[in-house]
Amino acid sequence: MVAQVIDGKAFAAKVRAQVADQVGKLKEENGITPGLAVVLVGEDPASQVYVRSKGKQTVEVGMNSYEHKLDAETTEEDLLALIAKLNNDPDVHGILVQLPLPKHLNEDLVINSIDPAKDVDGFHISNVGLLGTGQKSMVPCTPLGCLMMLRDYHGSLSGMDAVVIGRSNIVGKPMAQLLLGDSCTVTIAHSRTKDLPDVVRRADIVVAAVGRPEMVPGDWIKEGATVIDVGINRIERDGKNKLVGDVDYASAAERAGAITPVPGGVGPMTIACLLANTLTACCRANGLTEPEGLTA
Ligand code: GUN
């Protein structure tokens, strides 16, 4: 079997177009412009790239982008004061504090100081609890993007066997909750899982989110399974820098029914879903109907 490629870049463009369309309507019919505030502390180069990209795409869909760049020595008190100000600002519907934070700042404390209704990352403990109990929440962007692609490809996921490899709070755990919410039978696998190849071989859906280059070989993949590769790993091969996923794409594509490439798979969906979450937060804040197909 040669897998169908799930084109995340094209899908993300479609999501952004949907968001832009809804933003246009919000402005025209309600005089409201959704606003996203992104807070970056320090000068981590990868984070700077992400934040720039987020700001650019926010403006492209017609939303207001508020960037707050703080120096690496910012105190917790100052950061919390900024978040409190953003929590109380009616023009700000979404708040994202770029992670990782410098070591002297308590990430949990900072994230949990964000108003849960504005927590477009879905990292606040209230949103984690709401998702875990099947209630309306803000859903973390990367798993939401994976879910959208899976629903688009399969329609219903009900009854499917899914394995999520990786148990991070940002991807693995919320991904498992979302798949459970769509009535999959879910296994969360991790570094201590016994006989991981066999666990993966039973799965109709494989979500790989471990951050280890090409650790899932094609012969672990069941014929016809759907493979969602969340990994973005930089490696050097043949003297060149290359981006690869957590799945060995070439061998997996020979067995899978459908697979996301790296780059161009899950990656572009994350920011698209951040914009979707900002729109959702804005609609909820204003008591308006949420856009269809952009939430879990
Ligand atoms: N750093 C890497 N990924 C993310 C993300 O999804 N959200 C935030 N806030 N920081 C990140």
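Placement of Cβ uses the backbone N, Cα and C atoms for every residue, glycine included.
Per TrEMBL, the features are as follows:
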- 6-121: domain 'Tetrahydrofolate dehydrogenase/cyclohydrolase catalytic' (DOMAIN)
- 140-284: domain 'Tetrahydrofolate dehydrogenase/cyclohydrolase NAD(P)-binding' (DOMAIN)
- Gly166, Arg167, Ser168, Ile232: NADP(+) binding site (BINDING)
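TrEMBL feature annotations superimposed on the structure.
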| residue | record | CB count, 10 Å |
| --- | --- | --- |
| Gly166 | NADP(+) binding site | 23 |
| Arg167 | NADP(+) binding site | 18 |
| Ser168 | NADP(+) binding site | 17 |
| Ile232 | NADP(+) binding site | 17 |
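Using DSSP to sort the residues of the domain 'Tetrahydrofolate dehydrogenase/cyclohydrolase NAD(P)-binding' (140-284) gives these counts of helix, strand and coil: 57 helix, 32 strand, 56 coil. When the Cα positions of Gly166, Arg167, Ser168, Ile232 are compared pair by pair, the longest gap among these NADP(+)-binding residues is 16 Å. Residues of the domain 'Tetrahydrofolate dehydrogenase/cyclohydrolase catalytic' (6-121) grouped by DSSP class, helix first, strand second and coil last, total 59 helix, 19 strand, 38 coil. In the predicted model, the domain 'Tetrahydrofolate dehydrogenase/cyclohydrolase catalytic' (6-121) shows an average pLDDT of 98.
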